[in-house]
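Just below is one structure, and these are the notes that go with it.
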Amino acid sequence: MDTGGNSLPSAAPDGVKRKVCYFYDPEVGNYYYGQGHPMKPHRIRMTHALLAHYGLLQHMQVLKPFPARDRDLCRFHADDYVSFLRSITPETQQDQLRQLKRFNVGEDCPVFDGLYSFCQTYAGGSVGGAVKLNHNLCDIAVNWAGGLHHAKKCEASGFCYVNDIVLAILELLKVHERVLYVDIDIHHGDGVEEAFYTTDRVMTVSFHKFGDYFPGTGDVRDIGYSKGKYYSLNVPLDDGIDDESYHFLFKPLIGKVMEVFKPGAVVLQCGADSLSGDRLGCFNLSIKGHAECVKFMRSFNVPLLLLGGGGYTIRNVARCWCYETGVALGIEVDDKMPQHEYYEYFGPDYTLHVAPSNMENKNSHQVLEEIRCKLLDNLSKLQHAPSVQFQERVPDTELPEAEEEQNEADERWDPDSDMDVDEERKPLPGRVKREIVEAEPKESEGQKGSSGHARGFDTTIAENASGKAQDAGPKQIDEAGVRVEQENVNKASDQMFSKS
């Protein structure tokens, strides 16, 4: 069915259509970090509404993620940390002050109603996407609720509680010898880098603001350790970087990474706080410039997992991820925005694209050239893709292809994993607060603060898997079932949010 979109240019493999699986839970937009907090899950619902009204949902397999269970999360996270997340509530947090401090929960990462269910949902989408890719059931999997890259093994950080990216990569490593992680969020992807800092099976590449900026890590000299030496690439950038400067680095570096590392799968974290005008950001990328990274990664025809991440001017986050979903599909969406329940957010122009600002680009060509040469030199020290000796494991059983008829909900998981469908899992009581959607300040706000973190955690890839590895599969849902009724929007004045 023609949706008014045009296929992207087909001069490169980029123009070829891809099979896309899209993960979305209608409840995700109801989770609420609290008044004044810049992280707003409501942006996922706004993105979904745009996808519906642009007619993009009908071109994808729309799936509701199967919630990740305790033992799924414990493939990376410490058991006591997961137990804490499961048990903590706003009512009981005053009785657990020591635990709150120990796990870094309470300020940037507040306790809110339904916190654990939120973690299960966004992690389930990312791991479910990895399962789909592993079974060749799609070319690209999308989970805009995921991409929470700061969470550590034993603590929350930077609005992130569970590191769904690490969990998804561990899933991909069950099938693929090598996995590439690329991060275009304005903040350094510290949690993912740290998890895989000592292995040569995962290469992490992060493009981020560096210098007196959260989380304070990601120096160009941080290259990995032991077997992981040269398998971490950090691209430190300054304020005001524009599309041209960004791609002066992104395309040659990623092109060389793909050539020498030869990943079997790629995870791209598409944090939208690197866009111009972000509430917490200081870059100057256009939506098309940001999406060019997605388009470039797509052109390699390698299984691709697209995840969300940061993004705090939520109208622009929805614009960006809608456009990037179109890029994944090979459909160019119109700039004129269709009428929909959140149309009022996008005035006065009501367009998908917004012009970058005239802010100064503090990234000189000379400095960018030095960074590019340094990192290309590091990559030249990788003679060839590492050869990995797989350990014996039970082969995966192929999943049956999903039925096209979306009225038949069907739950899927990997029969060879130890993740069984929990038939007794009851839905949580309706204690999740409906989000009070707050008006966004037009001006840029305070940046995230800076803090260090310990380095060198070795996951040992969890490959010898002591029975902990499992596949979180999706369940297919009726497309109509993910449509969300319009809420009464109570716009309150936003409060300045500062990081400790």
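Please read every residue number as a count from 1 along the shown chain.
Even glycines carry a Cβ here, placed using N, Cα and C.
Features of the protein shown, as given by TrEMBL:
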| type | residues | note |
| --- | --- | --- |
| DOMAIN | 37-325 | domain 'Histone deacetylase' |
| ACT_SITE | H150 | active site, proton acceptor |
| BINDING | D185, H187, D273 | divalent metal cation binding site |
| REGION | 387-500 | region 'Disordered' |
| COMPBIAS | 398-408 | compositional bias 'Acidic residues' |
| COMPBIAS | 489-500 | compositional bias 'Polar residues' |
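H187 (divalent metal cation binding site) sits 9 Å from the residue listed as 'active site, proton acceptor', taking the C-alpha atoms as the reference points. Using a 10 Å Cβ-Cβ cutoff, the residue listed as 'active site, proton acceptor' registers 29 neighbours. A distance of 14 Å separates the Cα atom of D273 (divalent metal cation binding site) from that of H150 (active site, proton acceptor).
Cα of D185 (divalent metal cation binding site) to Cα of H150 (active site, proton acceptor): a distance of 11 Å. Per-residue pLDDT, averaged along the domain 'Histone deacetylase' (37-325), amounts to 98 for this model.
Sitting within 8 Å of the Cβ centre of D185, H187, D273, and not among those site residues for divalent metal cation, are the Cβ atoms of I186, H208, G271, S274, L280, G281, G309, G310, G311. The 10 Å shell around the Cβ of D273 (divalent metal cation binding site) contains 25 further Cβ atoms across the protein chains shown. Here the Cβ of H187 (divalent metal cation binding site) has 29 other Cβ atoms within 10 Å, regardless of which shown protein chain they belong to.
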